[in-house]
Amino acid sequence: MDAGTAVASSEKPESSAAVSVPLAPAAMAKGEKARVTSGDKLMIKHPEPVFTKVPPQTLDQKLSVCSKLCFAIGGAPNQVAGSATAFFLQIYLLDIAQINPFQASMVLFVGKAWGAVTDPIVGFFITKSKWTKIGRLMPWMVGCTPFMVVSYFYLWFVPPFTNGRFIWYLGFYCLYQTLITCFHVPYSALTMFLSTDQRERDSATAYRMTVEVLGTLVGAAIQGQIVASAHTLKHCPHRNLTTGHLGNSSGTEIIRSLALSQDFLSHAKEVYMIAAGVIGGLFLVCTVVMFLGVKERDDPYAPKTDKAIPFHKGFILVMKHGSYLTLTAAFLFISVAIQLIQSNFVLFCTYAVELREHFQNIVLTILMSAAVSIPFWQWFLEKFGKKTAAFCGITWIMPFTVMLVFIPNLIVAYVVAVSSGLSVAASLLLPWSMLPDVVDDFRLANRNSKGHEAIFYSLYAFFTKFAAGISLGVSTLCLQFAGYDTGACRQPTPVVYTLKLLIGAAPVACITTGLMILVVYPISEDVRLRNKLALEELRSQSITCKSLRAELSSA
């Protein structure tokens, strides 16, 4: 069925209702048999269906710019903290906390894996949550924020003891991942409860992605500029840049070098704590803005049922939905590629290409390019479709990361940063813009099932986090096998080669795999339009039934 026919069929009940509503009572009063068309069968069954009593906001859920901005600001702190941990947590654990690479890999992997496990668990409890005066999702986000701030601060605090530091960081990273999950899963699912209009949801998602990229930019700026002094060569002897060369120095030089290193390490610990305090404050401010500016709306599509479908049955239904599995698998590999680049980029600039004095500015350039290009990708996906935008946007990063590996100079680094920002923006915007389409597709296939939005978003986060945890753990273990020297000012040649592989070849392989899976993603623009029209028809029928029931109950 083409778009014109679908529109006509969806508009027919409304036009029929406008004519038949006033005539039906009279005809029934006279005992006459009215002519019944397919459009007014429903209306003849009840005496007085009155459409004018339906509240206008139920029919047209347009979002104000203020609401979209407040919604977008709510997601910024997650990206601010995520940017700081993605770019700096690995090098912080190795060079500031000074735990060995194996322990650092375990912290990163177990923390991410734990965060992945908590996603479906939190999704389960959200589906069991009752609606309150502020909604079903908002209490989760507001309630967990203060505890999340505390756990984030202690993640960047170096305890005075040395033997138990591994347990300290593992515990606080897992706690932080749990609390950020309690915030992020309901926040992601909130997209479906802002409006029933696909265009409004896409617009809100574009606002969200723009602000989140700006949040990523702010996180990298705050963390990078504050802690940049912790990763310079000022504490290293000019002639002896690795700990292995200290044996060639005199005793006085060794003592002076160690004293300088201890003072520098104390300074590094302080600047990391300052950065953590600033980012924690942003968490509180942004959550308050979202709470005051966003209204959560109930799902109007599915019928109101007294008995909810159990979580495990909803889980099975979601996991059987082909378009969801395809989208999740594709962006799983793509997100792993982006995660590999993020987590190893500072190490790469510091030890592989001698850009340690510029890495914070290069990171900012990447994120500024991403922030500026979000509106472009929003226009592009509306013009050419989301699937086309994914292919065009994400492939852009591959040749430029390889170029940086083989041509490691400052000018090339900035060119690569600008170009890579385009792909980072596409990888951030498109999965969250495409997931609502998958949820709509699921609603049409399972019309009597509702309340599973949190399952979609929590499982997507589960798979991407788990894969990211594996990639982080494996990449850090690779550094240990290559001979990474904790606290050294220079790293051996095998470490340099490993970093080049983690920045170049590995992300390219992951992106290629993800795009090959995305080829079979079934929701094209035609399918998306057909789903939109079908849901609008269901919505109209649902509102009509509610009006009829209200009229009968008041009669």
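Including glycine, each Cβ sits where the backbone N, Cα and C put it.
According to TrEMBL, the features are:
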type: TRANSMEM; residues: 137-155; note: transmembrane segment
type: TRANSMEM; residues: 167-194; note: transmembrane segment
type: TRANSMEM; residues: 206-228; note: transmembrane segment
type: TRANSMEM; residues: 271-294; note: transmembrane segment
type: TRANSMEM; residues: 322-342; note: transmembrane segment
type: TRANSMEM; residues: 362-381; note: transmembrane segment
type: TRANSMEM; residues: 388-407; note: transmembrane segment
type: TRANSMEM; residues: 413-433; note: transmembrane segment
type: TRANSMEM; residues: 454-482; note: transmembrane segment
type: TRANSMEM; residues: 502-523; note: transmembrane segment
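Beyond the transmembrane segment (322-342), the same-chain residues lying 6 or more positions past its ends with a Cβ under 8 Å from any Cβ of the stretch are 86-87, 390, 394, 397, 401, 420, 424, 427, 430-431, 434-435, 438, 441-442, 456, 459-460, 463-464, 467-468, 471-472, 475, 502-503, 506-508, 510-511, 513-515, 517-518, 520-523. In this chain, the transmembrane segment (206-228) lies out of contact with the transmembrane segment (388-407); the count of Cβ pairs under 8 Å, excluding pairs fewer than 6 apart in sequence, is fewer than 3. Within the chain carrying the transmembrane segment (271-294), a Cβ under 8 angstroms from the stretch's Cβ atoms is held by residues 66-67, 69-71, 73-74, 76-77, 80-81, 84, 92, 96, 134, 138, 141-142, 145-146, 148-150, 152-153, 155-158, 190, 194, 218-219, 222-223, 226-227, 229-230, all 6 or more beyond its ends. Within its own chain, the transmembrane segment (167-194) is flanked in space by residues 61, 63, 67, 71, 74-75, 78, 81, 93, 97, 99, 106-108, 110-112, 114-115, 118-119, 122-123, 126, 135-138, 140-141, 143-145, 147-148, 151-152, 154-155, 159, 200-201, 204-205, 208, 294, 296-299, 432, 435-436, 439, 453-454, 456-458, 461, 465, which lie at least six positions past its ends and keep a Cβ under 8 Å from the stretch.
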